[in-house]
Amino acid sequence: MTNMRTMIPAGSSVLVWVTCLLLAFVTTVTGPKVIQPEVDTPLGRVRGRQVGVKDTDRMVNVFLGIPFAQAPVGPLRFSAPLPPQPWEGVRDASINPPMCLQDVEKMINSRFGLNEKIKIFPISEDCLTLNIYSPTEITAGDKRPVMVWIHGGSLLVGSSTSQDGSALAAYGDVVVVTVQYRLGIFGFLSTGDKHMPGNRGFLDVVAALRWVQGNIAPFGGDPNCVTIFGNSAGGMIVSSLFLSPISAGLFHRAISQSGIVTTIMMEDMKPWPEAQNFANSVACGSASPAELVQCLLQKEGKDLIKQKNVNISYIVNDSFFPQRPEKLLADQQFPTVPYLLGVTNHEFGWLLLKSLNILDKLEHLSREDLLEISRPFLAIMEVPPEIMPTVIDEYLDNGSDQSATRYAFQELLGDISFIIPTLNFSKYLRDAGCPVFLYEFQHTPSSFAKFKPAWVKADHASENSFVFGGPFLTDESSLLAFPEATEEEKQLSLTMMAQWSQFARTGNPNGKGLPPWPQLNQLEQYLEIGLESRTGVKLKKGRLQFWTETLPRKIQEWHREQRSRKVPEEL
C-alpha cells in the first residue's frame, strides 16, 4: 500500500491570523510560550490555541465552544434555535465547552472509543456551540473544504469535543467543524404544535450549518464546499438533513457511517401522547399544551434528564420533515449531491449490546431466547408474531451451537438496524442520479483485545478512530486516540483520512495512491475497508433479498390467509 503520509498536498487557503505571541517556542523563565491565534468573525473576535499532530510538522489552530445560536435557556428551552448575538472584546475559545444536558452515566456506558475511555465535561443547557480545527499553513487565494461532524449517541448523549478533529484537519488539509445539538427531551420532546415544536435537535444542526455559511471563511474554510458527516445517530442526522427541504444549499456532500434515518431504531413518534406521558412523570400533566410546556419550563433541567423510558425521535408534518422520510426517498425529494455511506461487519458486536444491557444474555442464548429477544425489534417492523419464527429460521440452522446462536442474533440486529436500511437508502440515491460510494469496514482494531471478547469483529463505530486519525492525536486521553495502533493500522488511518478528505474536496474518494473505490452502480460494487482493502460485490445480497422480497411476500400471504379465514366466519 502506498505511504499516505506524504500524499496530501500542503495548505491551500487564505487566513489572516492575529497572534497574541509572535514566537511559538521562545523559552523564558516560565517555559515555552504558546501561540494563541485570533480570528475576526462577523459576530466578534475569538482566541483559540494551537496544537500539534504526531508524525507531521503541520500545526492546527483549534477554536472551542463558539456559539452558533442563542443559548436555549429560560423561555427558549423548547424553542427552535435563534441566531447568535455578537459579543464585545475577544472570546476565549481555548477551553472545552460544556456538553448539552444529558444522562452522564448513560454516556459513560455508551463508549464509542477503542480504549474504554471518555472525557466527561460539565453539562449545561447553554450548549449550542461548535469547535473548529483548521491547519495553520496558508496559500493566498485558496479555501479549504469544510467537514462538519455530527456526533452520535442515540440522540440522548454525546458531545462535540469527544471527537478531536486536529489529525484529520492536518493530514486531510481540511477545516473540521464539530457541532453540538440539544439531546433527549430538550431536543426532541414535542407537543406537535407551536408550543413545543419537534425536531429541535435537527434544527440546531441546521443553525450550525447556517453559521458555517456566514462565518467559516475567516477560519480558512470554503462555504461552497461543505461536507456533513456523522456516525450512528450522527449518520442518521446526516441522512435527515439530506432529505429535509430546510437544509437545502447548506452542504454539498454527505457521509453517513452506520446510521440512516429509516432505521427501525429511529421511528417517527406520536408527539402529543409522548409529551403527556413525560409530563405526567414529572408532575406536569395537563390537557393543554400551553400549560404543559409552562410547567416544564419551571423545572430544573438536571431534574428532567433523570426521567427514564421516554421515546425520543423525530416527528413528521413539520418544516423539517413535511412527509415521512420513506416518502421523501420514494419521491426523490432530495438533492443529487455525492453521498458516501457504509457499515461495519459486526454492528451489534459489543458496544450496542452493552448499552442495551443485553450483552450478558448472549452467553447462554437458545433459539427460544433469540426469538423472544428479537420480538420487540420485529414488532416495530410490523412482522406478525406468527411469521417471526421464519425470520429466526433465516438466520439460524437447526442444531446450531451457542456461538452460532449468538452470532445469528448479532447479525439479525445489525441487519435490521443498520445494514438493510443503508443498502436500501444507497439504491434510492443511486437510482436518482446521486454519485454514491458504499463501504463495509472490516478491520478489528487491535485494542479491542484489551476489553472486548475475542469474537468481536469490526464493532459499531470502530472506524471513527481511523477516520479521525486516532493514532496521530497528541492528546492520548481523547476518546478516539489510538496510541497503541500497529504500523498497519496507522497506514489504514492515513488512507481513510485521505479518502474522506478527498471525498470532501471533490465528491469522489478516489485519488493517487488510494485503493480503487468504485461508484455504486447496477453491479452493486462497494469497498471492503481493511488493512488490505478490496472491491466487493452485492453486499449482503442474500439477506437483502430476504428482507425486501421473501419476508414481505410471506407477510402478504399470511394476511391473505387471515382475510380468507374471516370471510366464512362472517357468513
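Residue positions begin at 1 at the first shown residue.
Here the Cβ of each residue, glycine as well, is placed from N, Cα and C on the backbone.
Note that the coordinates shown come from a computational prediction; the quantities given were computed from them, not determined experimentally.
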N-linked glycosylation site per Swiss-Prot (candidates: ASN311, ASN398) = ASN311
Using Swiss-Prot as the reference, determine which range in 484-487, 552-555, 568-571 is annotated motif 'Prevents secretion from ER'.
-> 568-571
Bond partner of CYS127 - disulfide, per Swiss-Prot - picked from CYS100, CYS225 = CYS100
Just name the winner among SER232, ASN311 (the recorded positions) by count of other CB atoms within 10 A of its CB.
-> SER232
Counting other C-beta atoms within 10 angstroms, the emptiest spot among the disulfide-bonded residues CYS100, CYS127, CYS284, CYS295 is CYS295
Which one is it: of the recorded positions CYS127, ASN311, GLU347, whose Cα lies the shortest distance from the Cα of SER232 (active site, acyl-ester intermediate)?
-> GLU347
Report, in whole Å, the straight Cα-to-Cα distance of ASN311 (N-linked glycosylation site) from CYS295 (disulfide bond).
-> 20
List only the single closest residue to GLU347 (active site, charge relay system), chosen from the recorded positions CYS100, ASN311, HIS460 by CA-CA distance.
-> HIS460
Could you give the Cα-Cα distance between HIS460 (active site, charge relay system) and ASN311 (N-linked glycosylation site), in whole Å?
-> 22
